[in-house]
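Here is what Swiss-Prot records for this protein:
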BINDING   G48, G49, H50, D67, Y94, D118, Q125  S-adenosyl-L-methionine binding site
COMPBIAS  322-332  compositional bias 'Basic and acidic residues'
REGION    302-332  region 'Disordered'
Amino acid sequence: MNEPSDADGFAHVPVLLHRADDLLGPAITAVGDGGEGAYMIDATLGLGGHSEFFLGKYPGLHLIGLDRDTNALRIASERLAPFADRTTFVHTTYDGIEDALEQAGLPSTESVHAILFDLGVSSMQLDEADRGFAYSIDAPLDMRMDQTVGLTAAEVLNTYSHGDLARILSTYGEERFAGKIASEILRQREREPFTTSAALVELLYRTIPAATRRTGGHPAKRTFQALRIEVNAELDSLRAAVPAGLDALAVGGRVVFMSYQSLEDRVVKAELVPRSKSTSPEGLPVELPGMGPEFRILTRGAERASEQEIEENPRSAPVRLRAAERISRRRA
């Protein structure tokens, strides 16, 4: 079987592809030979690399692909055109799972057999200079994954109060110098509003102490992460998406989460771990009806990419992977 191809000129190597298949494949084939009758959600469709692999390997699988980026949906739908009779594409954030299932004619709970969340910024968004996600390239400060709605990163920088800027830098970027950076942003925008990434990167080089710059990675990394999360309300969307995804799984269904930073992984863990434990009072000789664990965790903590995977696909280096299988009906 062929590996996923490039699409629309964008080189795209799906992250942890074969590990995702190891985890999700058994749930797909348990429904029927070749995945006949099985439904999978790709909650972060992107360029469709993961989806192309699963559709190619499991000829009976129907895939529901979600993405908030209209350009990504266009490219993915073209890429997956050979599977048009087994795909449903929905323009939505990943917390729009319930609406996506309705469009596919499925109930919102216990109706799908595999779900993949490949979180963070897509390869295409990083590689498109004019999107403003990459601090290594001077570009308009947009950072919207869906460019049809919402504030841009420039508008956040130019309109937010000192307190709000410091809050998002500290909370979403875990930036030690959040207050100092916020003060410099306010001073600079009084002279000239922010429009491109180069001006922000220059400010961060000036503001973050030299000793920290030498040891803490690129000085813009945390601020750009914080702005991206704020602009796209990523964590709010994820907090709604994780329970919606878990609820959508049928008994025997499996889910894989790939997080690219600790904030995402904490959200996933906070929802997944409690639902994998019994709620029966301690000391009882038997499990009370409806109080047993809903899920079985399939990974030991958060798995990381192997050295070989990172060498072949450097974008897999920060990934934290968690997976689980539904083992009982939803709790009341």
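The backbone N, Cα and C atoms fix where each Cβ goes, glycine too.
Location within the structure of each feature annotated in Swiss-Prot.
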{"residue": "D67", "record": "S-adenosyl-L-methionine binding site", "contacts (Cβ under 8 Å, 6+ apart)": "T44, L45, G46, L73, A76, F89, H91, T92"}
{"residue": "Y94", "record": "S-adenosyl-L-methionine binding site", "contacts (Cβ under 8 Å, 6+ apart)": "A43, T44, L66, R68, F117, S237, L238, A241, G245"}
{"residue": "D118", "record": "S-adenosyl-L-methionine binding site", "contacts (Cβ under 8 Å, 6+ apart)": "P14, V15, D42, T44, G46, H50, M258"}
By a 10 Å Cβ neighbour count, the lowest-scoring of the binding-site residues G48, G49 is G49
DSSP output for H50 (S-adenosyl-L-methionine binding site) maps to helix
Summed over the region 'Disordered' (302-332), the DSSP helix, strand and coil counts are 9 helix, 8 strand, 14 coil
For H50 (S-adenosyl-L-methionine binding site), the number of neighbouring Cβ atoms whose distance to its own Cβ is within 10 Å equals 28
